[in-house]
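S.K.: So TrEMBL has the following annotated:
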{"type": "DOMAIN", "residues": "8-172", "note": "domain 'EngA-type G'"}
{"type": "BINDING", "residues": "14-21, 61-65, 124-127", "note": "GTP 1 binding site"}
{"type": "DOMAIN", "residues": "193-371", "note": "domain 'EngA-type G'"}
{"type": "BINDING", "residues": "199-206, 246-250, 311-314", "note": "GTP 2 binding site"}
Amino acid sequence: MARMQHVPTIAIVGRPNVGKSAIFNRMAGRRIAIVHDEPGVTRDRLSAPCKITDRACKIMDTGGIGARLTDGFAEQVAAEADIAMKTADLILFVLDCRDHLTPIDQSIADHLRKSDVPVILLLNKADHEKQDLNLGEFAGLGFDDHIFLSAAHGRGFSELASRLDDFLKQEGAPLKEELEEEPEEGEDAAPPIKVAVVGRPNAGKSSLVNAILRDKRTIVSDVAGTTRDAIDVPYLHDGQPYVLIDTAGMRPRSRRDTSVEVFSAMRSEKAIRRADICLLVIDIAAGITQQDRRIAGIIAEEGKPCIIIVNKFDLFHPNAPRKDRMAEVEEQVRRELFFINYAPFIATSAKKAEGVEIIFKVITRIRRESRNLPTTGQLNRLIQLAQQMNPPGTASGSTRRLKIYYVTTAVDPKYNTIPVPRYVLFVNDKNLLTDSYSQYLRNKIREAYPAPGIPVIFSARSRVRND
C-alpha cells in the first residue's frame, strides 16, 4: 500500500485582468489558462501541478473576483474563488502594481485577512526593477510577504519559487523525486482515460461533468458559453482513473464574437485530439444543428471513440411514452450524425443526473471490446469474402478495378488506453478505392466484429504485384 503524502494547494486570486492566468501558466510550465486582455476570461477553477518548485504542490487559478461582467457571472465567479480559498494551503493575491488599489482589491484583502490561510502579495506587471520600489499603498493592505514580478517577462519567478519551496517544506510537502518514485498500488496501475466532453454552447456539458462529480466543480449557467477554458478534472470510478476534459462550447466560426471565443474553440478541438474518447453532448430539446454535425465531423476526422450524449431528454416530448421518444431520438441521431454511426447514444438529463450512471458502464464496455478485434488472418478472410460477395466496380474515369491483396492492422500509439485499430489495405492502386467501397468494407467489419464506439479507420497503399 502506497503511503499517501500531502500535496499542498496554492490558490491564485485577484480581480479580473491583473495577470492571474499568465502567472498560472508560468507556474504550470505550459499554456493551460487562456490569457487575454478581456476582463473575466477565466471563469472556472483551473488546477495543475506546479513546475517551478522543487517540492510537490498543486496550483489553482480562479475566476476574477468581483468581475464587472455583463453576463451575470460575478456572483458565481466570486463563489468559485471563495471555494478555492477555503481549500487552499497558501494564497497568492495578485495585484497590478501599475494601478492604484481599487475597491475590489480592498474587498478581496478584507476577505483574505479574515481567513487563517497565509497570503503572499504578487505585485504583477513589474516589468522594470525601478517598479520594485513602488510598494506604496499596497503596504497598507496588511500582508507582510510580497514579491514584485512580471508574468509577461518572467521576472521574479525565481524568488517566488524559492519562497514557495520554503513554505512547502514547512508543510511537509514531498520533493517531486520522492513523489515520483513512490510506488502506486500495484506496479500495473491503470493509466487515466482522457474523456473530452464536447458540444455546442449550452448543450449541458458542464452540468454533465457536475452530475458525474456530484459537485459544482465548473460554473453552470443558462447563458451560453460559460466555460472558456478546457478544464482537466481528475476522477476515479470503480478503481479506474479518468481525466474529464470539460471544454468550451464550440460556436460556428461565423458567430465567434471575440478572439477569446476563437481561442476557446481551438482549445476544444485540441481537447478532442488528445482525448481517448469523446462525449458529444447534444441538446435534443433544441434539435440537432449544423454545429453539432460539425463537431461530430471533427471527432470522426480525428478517428476518436465516441458516445453521443442526448441531453435534456426530459424536455423532449415529455408527455409521450418513453419508448416512442427513444425511437424518435435514435432516428434523428442516426440520420443527422450518420458519419459517426459507430457511436452509441445515451439519453440523459444532466441537471437531474438522470442517465449519467450509464456513461461509465458504456466506456468500460467500449474499452473491453476495443481489445477483441479481428486477427490479421480473420480480417483477410473477411475482406476476401466481402470482395467475392460484392466485387469492386471501376473508379470514375478509369477502366481498372480495385484489387485488395491483403490487409494488416496497426494501432496508433497515441491511443494508449482505448486502442483504435487502423486497417491498412495493400492494393493495386489506392486511387481506385472509392468512399462507397470503403464504407461497404467498414460495414462488413462491424457486422462480423461489433465494437460500438470504436471507429473503423482505413488507409490504402499501392503495391505492384506480379500475378
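Cβ atoms here come from the backbone N, Cα and C positions, even for glycine.
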S.K.: List the Cα distance (Å, whole number) between Gly14 (GTP 1 binding site) and Thr247 (GTP 2 binding site).
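M.R.: About 24 Å separate the Cα atoms of these two residues.
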S.K.: If you draw a 10 Å sphere around the Cβ of Lys205 (GTP 2 binding site), how many other Cβ atoms fall inside it, taking every protein chain shown into account?
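M.R.: For Lys205 (GTP 2 binding site), the 10 Å Cβ neighbour count is 29.
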S.K.: Taking the Cβ of Asn17 (GTP 1 binding site) as the centre, count every other Cβ atom within 10 Å, in any protein chain shown.
M.R.: 18
S.K.: Roughly how many Å lie between the Cα atoms of Lys20 (GTP 1 binding site) and Lys205 (GTP 2 binding site), rounded to a whole value?
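M.R.: Their Cα atoms are separated by 25 Å.
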S.K.: Which one is it: of the binding-site residues Asn17, Thr62, Ala126, whose Cα lies the shortest distance from the Cα of Phe313 (GTP 2 binding site)?
M.R.: Thr62
S.K.: Which one is closest to Asn202 (GTP 2 binding site) in space, judged by CA to CA distance, out of the binding-site residues Asn17, Thr62, Ala126?
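M.R.: Going through Asn17, Thr62, Ala126 one by one, the Cα closest to that of Asn202 (GTP 2 binding site) is Thr62.
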S.K.: Give the mean pLDDT for the domain 'EngA-type G' (193-371) on the 0 to 100 scale.
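M.R.: Summing pLDDT over the domain 'EngA-type G' (193-371) and dividing by its length gives 82.
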S.K.: Give me the Cα-Cα distance between Gly199 (GTP 2 binding site) and Thr62 (GTP 1 binding site), rounded to a whole Å.
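M.R.: A Cα-Cα distance of 24 Å.
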S.K.: Between Thr247, Phe313, which of the binding-site residues has the fewest other CB atoms within 10 angstroms in the structure shown?
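M.R.: Candidates: the binding-site residues Thr247, Phe313. Fewest Cβ atoms within 10 Å: Phe313.
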S.K.: Which one is closest to Thr247 (GTP 2 binding site) in space, judged by CA to CA distance, out of the binding-site residues Asn17, Thr62, Ala126?
M.R.: Thr62
S.K.: In whole Å, how far does the CA atom of Thr62 (GTP 1 binding site) lie from that of Lys205 (GTP 2 binding site)?
M.R.: 20
S.K.: Can you tell me how many other Cβ atoms are located within 10 Å of the Cβ belonging to Ala126 (GTP 1 binding site)?
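M.R.: Within a 10 Å radius of the Cβ of Ala126 (GTP 1 binding site) lie 23 other Cβ atoms.
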S.K.: Have a look around Thr62 (GTP 1 binding site) and count the other CB atoms within 10 A of its CB, chains all included.
M.R.: 28
S.K.: Hey, how far is Asn17 (GTP 1 binding site) from Lys205 (GTP 2 binding site), Cα to Cα, in Å?
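M.R.: Cα-Cα, rounded: 26 Å.
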S.K.: Run through the Cβ atoms and count how many others sit within 10 Å of the one on Gly14 (GTP 1 binding site).
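M.R.: Gly14 (GTP 1 binding site) is surrounded by 26 other Cβ atoms within 10 Å.
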